[in-house]
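Asks: Sequence annotations record features per position, and here Swiss-Prot assigns disulfide bond to 155-223, 156-188, 172-182, 189-202. The feature N-linked glycosylation site is assigned by Swiss-Prot to 51, 171, with sequence analysis given as support. Feature annotation from Swiss-Prot assigns topological domain 'Cytoplasmic' to 1-19, 85-94, 256-270. As annotated by Swiss-Prot, topological domain 'Extracellular' applies to 41-63, 116-234, with the evidence given as sequence analysis. Positions annotated as transmembrane segment by Swiss-Prot, on the basis of sequence analysis: 20-40, 64-84, 95-115, 235-255.
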């Protein structure tokens with residue numbers, strides 16, 4: 001009986017998963033570098049890079065922080081995933097998986113805690129907005145962010161227009177020499193659809209009027225309440241976005257771990 005030769009297929013690294021992970025992460029890397037570059041450029045324009053103490057001088061949130069932090073995290077993750085997949089480097093791939101997994105669990109924990117301690121979150125959001133109201137004129141990026149939020153959610157202040165008493169330019173004290181005294185920023189104003197030119201002085205002296213009179217000129221609802229209402233109205237969309245991000249993260253972790261297993265299997269046959 002003639003002898004039969006058995007041929008065993010040697011394990012190999014899956015090219016499809018490898019180059020998909022590489023392509024996905026190179027896009028991630030480029031976007032991260034772009035975010036980081038925008039953040040650093042903005043800081044350079046504001047003189048922060050030449051005076052690091054300016055980072056702590058601002059009473060509210062500097063929106064540029066968001067670009068720098070998000071850009072930095074995306075760049076690190078993109079680099080690890082991209083080079084790890086291309087060079088079949090198990091250390092970088094494991095780093096990518098662990099880092100991405102850590103971010104996933106932090107997001108999950110944040111979501112659970114936000115649901116359980118929603119009253120505390122509401123109080124913190126109120127405090128956060130009021131701190132930024134105080135620093136409204138201190139930074140142009142912060143000013144633009146607050147104006148955008150108040151216009152988008154048709155609100156004024158954290159709980160209402162009187163929160164602008166916290167700002168030295170808008171407070172109603174007799175010692176305030178500002179022309180904006182007892183007023184609110186233009187972003188609080190109820191816009192006239194027929195108005196072609198934005199009236200930036202529409203909020204002047206408006207808080208000297210009675211509350212019922214104010215409603216014809218400015219939005220009297222607070223941004224905390226309006227933000228909560230927006231979340232409830234768009235719950236399906238918001239939940240869909242977060243679920244999509246979570247699934248993408250899980251897919252990236254599984255893809256990286258599968259690639260690590262393939263690389264180890266190939267090395268075991270050397």
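The backbone N, Cα and C atoms fix where each Cβ goes, and this holds for glycine too.
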Asks: Limited to the topological domain 'Cytoplasmic' (85-94), I'd like the whole-number average of pLDDT.
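Replies: That stretch averages a pLDDT of 91.
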Asks: What number of additional C-beta atoms lies within 10 angstroms of the C-beta atom of residue 155 (disulfide bond)?
Replies: 27
Asks: Among 155, 171, 182, 223, these being the recorded positions, pick the one whose CA is nearest to that of residue 202 (disulfide bond).
Replies: 182
Asks: Let me know the DSSP-derived helix, strand or coil state of residue 223 (disulfide bond), please.
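Replies: Looking at the DSSP assignment, residue 223 (disulfide bond) belongs to a helix.
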Asks: Give the nonlocal contacts of the transmembrane segment (64-84) in its own chain as ranges (CB under 8 Å, at least six residues past its ends).
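Replies: 21-22, 24-40, 42-43, 46, 48, 90-93, 95-96, 99-100, 103, 141, 252, 256, 259.
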Asks: Could you put numbers on the helix, strand and coil content of the topological domain 'Cytoplasmic' (256-270), residue by residue per DSSP?
Replies: 13 helix, 0 strand, 2 coil
Asks: With DSSP, how much of the topological domain 'Extracellular' (116-234) is helix, how much strand and how much coil, in residues?
Replies: 58 helix, 2 strand, 59 coil
Asks: Cα distance, residue 172 (disulfide bond) to residue 223 (disulfide bond), nearest Å?
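Replies: Answer for this pair: 21 Å between alpha carbons.
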